[in-house]
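Structure, as structure tokens:
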Amino acid sequence: MKMHFFILLVITSWLSEKITSLPPDSRVFDRHGFPDNFVFGTAASAFQYEGATSEGGKSPSIWDYFSHTFPERTRMQNADVAVDFYHRYKDDIKLMKELNMDAFRFSISWARLIPSGKVKDGVNKEGVEFYKALIDELVANGIEPSMTLYHWDHPQSLEDEYGGFLSPQIVEDFRDFSRVCFEEFGDKVKMWTTINEPYVITVAGYDTGNKAVGRCSKWVNSKCQGGDSGTEPYIASHHLLLAHAAAVQEFRKCNKTQDGQIGIVLSPLWFEPYDSASPADNEAVKRALATELDWHLDPVIHGDYPEMMKKLAGNRLPSFTPEQSKMLKNSSDFIGINYYTARYVAHIPQADPARPRFVTDHQLQWRVTNHSNHQFGPGEDRGILQSHPEGLRKVLNYIKDKYNNPIVYIKENGINDYDDGTKSREEILNDTFRISYHEDHLQQLQKAIIEDGCDVRGYYVWSLLDNFEWEHGYSTRFGVYYVDYDNDLTRIPKDSVNWFKQFLDVKNKEIWDVSHKERYNKTFDDVESFEASVGSILYLMTNNISRREEEERDQCAFGNLNDQSGLLLESYNSFGFLENVW
């Protein structure tokens, strides 16, 4: 018997190495078609989900101030209650589990954890307890917590005191906030994001003024209460990058986070030329990608801004000191990507130099259709995002080719349905367009991984629930669960819920059918069973075939094979060698 064990040990060691090194099968479109340990999750943010804005010691954030002071800019709606995740998180985590999701990406409210924004004024114990309870509930349900430090909602007090991200003071306050998070939650949270979508924060917050803090030049938007669209986007972005680097420094010093990973999340669209025959439009595409991606990716990888951004912005783009550059370089363990849609780009002449602003510095204009009136995909006519799944694959290949194939996670991907009050609940629940959107994007993601070699390791759906969508209020719905805002915020599954359940349901399927397991429940002392099992393993070693290829063979062929070689493939798994490999 000792020899039997020795032979099996050698064979299974060899086979395990071969099986686990096999690539996923691109012909299989479910969880099995993605690499081992690929993470599927849903995503949310504190302000859009939690509610309870005046409970638990929380102070007003910039979005509380923005939505209450200028309600006309958020459709006369606010997130005081949002979807009440603060009180209902346990039930919502059950929904995640029922969806067969692996992870949940959420953000921590700086204003809830440190109400004044400054550690010297004290950490809010109730805030710490809430997030610890949330994390514990996730872990207890087998859901991996993925925490974002900043998703657009710093305390309004920092805005009042020194102008928020327009001041370098915020870098050290963000460092302190991050340190508290790592010390309090780092033992159970291993996936961290520093800043969510710095491009959106700076452009929408400081150029167009559509989002908090709502600043811009008066000639851009008369509703803005102050600002300079030509300089402030670059200044705020600069401090966001330095805040990211400061947080990463603290992360890498903290003992509790040594086995974790941290990165930044960017939000690129994909771009194609408005007129593919126009050299100017093709050059405009390069500038668009430089502003959407390279502007923030170059610093966290190389330690400096890309040359194109320096050329476009001139002396309005701040520069990094040597120490800052060193701090920024290689400051992301992974790159998070939020991808939603694509646009055509047309070159435009240089704008009036007397009225500089970020969106015209780059001499381009986004278009929904190209010069032939062709659009990327369905959606815009329904008030929802255009679906262009090929753009996701192209974004990933752009990053792979330009930045030496870094680790990437898709941190958000989803599509909205515009709810103007005229649609019935049944219409909204029947979200076949959302099913198609996710299916198409996951197929392109699978191709990017398997065929192109992009190192992508996770995909997060935006979002689990309908929620407060910033300046759009509650008029646009991204959730796979419908939230009935008129009926106690009841969660109702849309059709996409069943699609995701089925897509992810194969997580724990065994590699072979073990319905006859008891029939072949032999011991190593049974020589006949032992020889049959070794024969099965040797057969797999020499043929190197997958489960699915086996199942496609004619069943009578297996019968002949068993007759000729004594192979009992059904008994293969009775020893449990390859449980849950895929």
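Glycine residues also receive a Cβ, built from the backbone N, Cα and C atoms like all the rest.
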Task: According to Swiss-Prot, which candidate in Glu98, Glu250, Glu390, Glu412 joins Gln48, His151, Asn196, Glu197, Tyr340, Trp462, Glu469, Trp470, Phe478 at the beta-D-glucoside site - done: Glu412
Task: Env. residues of beta-D-glucoside site, Cβ within 8 Å of mean position of Gln48, His151, Asn196, Glu197, Tyr340, Glu412, Trp462, Glu469, Trp470, Phe478 Cβ - done: Ala43, Ser45, Asn338, Ser463
Task: Listed in sequence order, residues with CB under 8 A of Tyr340 (beta-D-glucoside binding site) and six or more positions away - done: Ser267, Leu269, Leu385, Glu412, Asn413, Gly414, Ile415
Open item on the list: On the three-state reduction of DSSP, what should I expect for Asn430 (N-linked glycosylation site)?
Closed with: coil
TODO: Provide, as an integer number of angstrom, the distance between the C-alpha atoms of Glu197 (active site, proton donor) and Asn430 (N-linked glycosylation site).
DONE: 30
TODO: Work out how many Å separate Gln48 (beta-D-glucoside binding site) and Asn430 (N-linked glycosylation site) at their Cα atoms, rounded off.
DONE: 23
Open item on the list: Under DSSP, is Asn330 (N-linked glycosylation site) part of a helix or a strand, or is it coil?
Closed with: coil
Task: Rounded Cα-Cα span from Asn255 (N-linked glycosylation site) to Trp470 (beta-D-glucoside binding site), Å - done: 36
